[in-house]
Structure formats: C-alpha cells, structure tokens
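What TrEMBL says about this protein:
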DOMAIN    B:21-493  domain 'Cytochrome oxidase subunit I profile'
TRANSMEM  B:24-45  transmembrane segment
TRANSMEM  B:65-92  transmembrane segment
TRANSMEM  B:145-170  transmembrane segment
TRANSMEM  B:182-209  transmembrane segment
TRANSMEM  B:229-251  transmembrane segment
TRANSMEM  B:263-281  transmembrane segment
TRANSMEM  B:301-324  transmembrane segment
TRANSMEM  B:345-365  transmembrane segment
TRANSMEM  B:385-406  transmembrane segment
TRANSMEM  B:418-439  transmembrane segment
TRANSMEM  B:466-488  transmembrane segment
TRANSMEM  B:540-564  transmembrane segment
C-alpha cells in the first residue's frame, strides 16, 4: 500500500493538472467569445423601456424595418402567449439587428441558428446584431415558463436566400 | 430482582435513550423521504410529457403539467434535500464531536421547516403557486408559498448555526485539537450555506412576501432573479457537499479501506467554502441588463469550483483502490472487482459518483458562455441536473439511508437485494433520462414545457423521436426503482424487530491513511504529527470571512447598480 505522502504528492500533481486544464478552458472560451461565436460580446448596452409605453417606440409596429442607410432592424415583442411578429423573414448574409422585449412576465427565445439565446426580462431590451448565413426555416418556442399557454408561444425565423 | 427485557421487546423510547438526538434526526430524514416520495411519484408524468404523451388531462387533482412540475421541483430539489441535509449534518458532526445538541433548538428547526412546507404545499396543491421552483416574478403566487419557502430556509439555518456554535464551543474546550474530519466538513458546509442562502432570504423576505401581500406595488424582476441565482447555484454545492462528506469520510471504511489523504479532503472543503457562492451569474448569461464583464469573471470562478470536485475524484478513487487492494485485488483495473458490490451502501454511492462524471462535465459546458448559449433553457438543463442532484446527491442519500435508518432505529434493513435493485435501476433510469434530455436539448427543445401539447415545434419533434422515447422509457425505469426504494425504506421503518444496542449498526467513520500509519508505528492519536496545512485550515472562520469578502466583491457593485435603477412591476397570474 502506498503511504500517504506519496499519495499526496500525486494528488498535488493532479491539482496542478486541474489548474492547467481550467486555465486552458477559460482561455478557449474567451477566445471563442472574442471571435464573436456568441453575439453580443462587444458593445451590448443595457436598455430599458417601460413595457406600458411601447407605443412611443419602434416596438409599436413590430417586424423587420429597413433604415434609410439600408440597415436592417427587427423588432420583436413577447407577450403572454405570443411573439409579435411570430414569423420573421430576414435575408441571408446581411447583418440584422434584433431588438427584443417582453411586456409582462419573463419569456425566452432560442433561435434555431446563430447562438441567439436570450432571456426576455420585462422592459430589458435585448439588442443583438447577427448575420444569418444559412437559408432555411427555423422553428422555436418561448423557452422560459410564462404560464398556461407557454407551450403555444411559437416563433419562426425564415432566412431567405439572396435574390 | 431485575427483569431482563429481550431486545426485541424494548419500548421504543429506550432506543433513543442514549442519544435523544437520534429521534429528531430520524424525523428530519423520514419527513424528507416522505415528501420525496410525493415528488418522485409525479416524475413519470413529466417524463411521459417529454415523450409526447399527455397523462395530465386524465388527472383530476392536478390542473396542469406546470402544477405537477412545480410540485416535483419544489419537493425533490428544495424540500427533500433541505430536510435530509439538516438531519444528516446535525447528527454526524454532533456524534463526531461527542456533543449532544440542544434538542429544543433542533426540534424548533424541524417544526419551523414543517410549518413552512405545509404552507407552501397548501399553495401548490390548490394551484396557487404554479411558479415552478424558480418562482421568477412578475409571475405572482400566494403569499403562503413565499412565507413557506422562507420558513424552510430559516429552519435549515437554525440547524446550521447550531452546528457552528457547537463546533466553536468544542474548539474552546479542546484547544490545539484538530476537528474530526466529518465535523470539519459539516461546519464548512454550513458556513457556505450561511453565506449562500442570503440571496434567497433577501429576495423572499424583502421583495416577494411584501409584494404578494399587496404591501408594495411592484418588484424588479431582474433584481429578484439575480438574488435568486445568488443562492440558486451555491445551493447545488449545499446538495453535493453532504454527499462528498459521505464519499470522503464514510465510504472508504465502508469499502474496507482508508481515506487516502485527510489534508487534501480538508483542502477541497475549504475551496468549496471560498468559491461556491460568487458563481450564480452563470445562470444569467442570457440575461440582458447585466454587463458582460461580470459574466466573464463569474464564469472563471465557476470553472475554479471544478477544482475541489476534481480533487474529490482523485481522493475517493484512491481510497477505493486502497480498499480493493486491502481486500486482495490487484492489477491496473482488476481491483475494481474486489470491491463490495453486494453491499447497497457501497454500490449506490459508487453509482452516484459515476453519474457525477458526465454530470460535472455537462456543468462545465453550462458554465461556458460560448456553449451555454446553445443549451440555455433547453431540455439539456434538466438532463444535467438529474444526474447531479438527482443522482449524485439523491443516490448517495439513498445509500446513507440504507445504514443510517437502521442505525437510528436499530431495525435491520428490510431487504439488501431490494436496496441493490433500487440503486441500479435508479442509476440506469437517470442515465437513460439524461441521454434523452441532453439530446433533445441539442435539437433545441425547450425545458419545462408542456411538450405533449406544444404547437410550434413540429419539425423539431420529428427529429427528436429517439431521445423522446428514451425519456419516456427512463420515467418507467425510475418508477420501478422508486417502488423498490420506498418499499425497502418503509418495510424497514415499520418493521417490528429491533436488534440489541450492542448490535447497533455503527457510524461508519473511516480511518485515514495518516492515522493508520501512525497506529502502525505505535503512535497514539495525540502523538500523531499533524500537517501544518491541517492546522491552518482549522481556522475556518478566516476562510468564512474571506468567502464573504469575495462574495461582496463579486455581487455588491452589481446589486447596488440594480437597486439604484429598479423598475417595479405588478404581479401576474397567468396559469
């Protein structure tokens, strides 16, 4: 049987291995984030809109809007138990800025593409700029429990190939 | 003339005469297990829902899947664990320190907790708290639910403070002595919980109770969520650390071996005390309104808590190998066969550890911001926590119940075979469940949704046929496992036969390799050389203060920002 000093020596070695592994993991994840595999690493600013006063904001008419400079902005409003719009069409290969907000309780949305997974806390606006590369139709549903109709709160993202 | 009473006929009270704390411990454990039985009974319904089969419409007593899930989550994750840990981590340290706890305080804690659970149960069963176990505002439940939840936590804190006080007094009466390992680990766990429970206590007492009673108009959902997860992640260490105590300090002896290294065992608990709490933000990577810098810092801290778990894997593996070699095992892996696989106390714990390997690995995925965005709020997450708290902790607690209930009651375990079947079936049921749920999560199926009646997931469901079937099957396996388990437990508790005091199942405190070597060398326990590191770690209050400082550093600036910038919302009842 090994004596406890020897075992402790091995275990200290294992502790060093563990530390190195953790350092590598942290560096790897950080590198991935900096290379924007996850949208919103840079330049996200907390924005708050009073959910009772959406009519004075672009959220009054949810959907995709093209700005004068051609920039694409999509406004999505989550309310129990539907997303407005519940089908969003975006062109492939162009940056789209998604603006999402909930008006009542917490909702959540995971888009089938592009690592967009947001928790929609009432009034806290999520702003994410993303290029959707792959044309197709992606279904999803509200992913934070919001009440009896939670499972009917669906959303579809349609990425259309450039014409 | 004295009459001798045969052991089998002794009145019940005498069983507890020598150690009256046995009775309160038994009440904590059994109440926890009875409530677990209710929570577990609902489990198969959840699993069938994730197989696309809707059983809820036939159930008159549950209004919805969400009511069932609220009961399942609250009872299993919050109530059962709190009772079991309060009983176990009161009894073990007191016996290790040879101190009798103040029973009035212990019973006070038990009844506080039970009053709380009854209140919360009334709200849950009448469909007035269908909030799931995370109860995020602005969904608003009955005040009974929040007050009940607060009392549950307060009950556990009473026990925690009691154990810490007992230890502090013991230290004063035994200057220079080293705290026995089990007591050291228990105190570290309670100190961690003292810091970690603050968030939940503040959220419930200062935000949710006044709001649900109508005393204040609104609550800030982001602030409440942040306070919830301040406690919500370290609570998993509160669930895991008692299992680690069993793995480190009891299992080596149960396997016939020695604790590989007491110093390292103590070190991992000190690391848990230091690092467990400032990590809750990794549940909020997807939240807007929290800056990315805080998220990245807490991601790093979360990774660091992996280290004590990796140390545990090494230590416990080494002690099992020592055990097997002492039992005559050899070879690189051949020794594994020589472990006592026919003993359910041993087997259940080893299976619990095995489940914790993929469980812990999945946890690292969840803690990585880049990977979390793929799995956050998907079925992956319940897949993950059913092999961590649902198996690593729960199956270890099953193992503990297999020796501790006979120890406390002096009634022999009703069926060793039944206990073995329960352990293996629980293990495989959870593994199948986890495979199904992780897989569904990768397809993108959301967690905790009434999937059987979902309308918007058509093409996803088509791709998830196999994992969904696995989830459904696992529910049935787990149902059989729980029938085995609870029938063994209740047959044991209701059994009439009691063994004599001399034949009582002992508390299986293991000897460490250090102690063994000293004994072999002819040294007395007092004459043993104590490592400097062990002496340093005895100062748990210093580590407590450091842990508190780290939490303040990691949370206070963020919380102040939120408090200065609150957006109050009224409650909603949407179920």
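Placement of Cβ uses the backbone N, Cα and C atoms for every residue, glycine included.
Touching of the transmembrane segment (B:24-45) and the transmembrane segment (B:385-406) is concluded from the presence of at least three CB pairs under 8 A, sequence neighbours closer than 6 excluded.
Of the two recorded stretches, the transmembrane segment (B:263-281) lies close to the transmembrane segment (B:182-209), with three or more CB pairs under 8 Å once pairs fewer than 6 apart in sequence are set aside. By the Cβ criterion (distance under 8 Å, sequence gap of 6 or more), the transmembrane segment (B:418-439) is counted as touching the transmembrane segment (B:345-365), at least 3 such pairs being found.
Outside the transmembrane segment (B:540-564) by six or more residues, the chain places 184, 187-188, 191-192, 194-195, 220, 222-223, 226-227, 230, 270, 273-278, 290-291, 294, 297-298, 301 with a CB less than 8 A from a CB of the stretch. Confidence annotation: the domain 'Cytochrome oxidase subunit I profile' (B:21-493) carries a mean pLDDT of 96 in the model.
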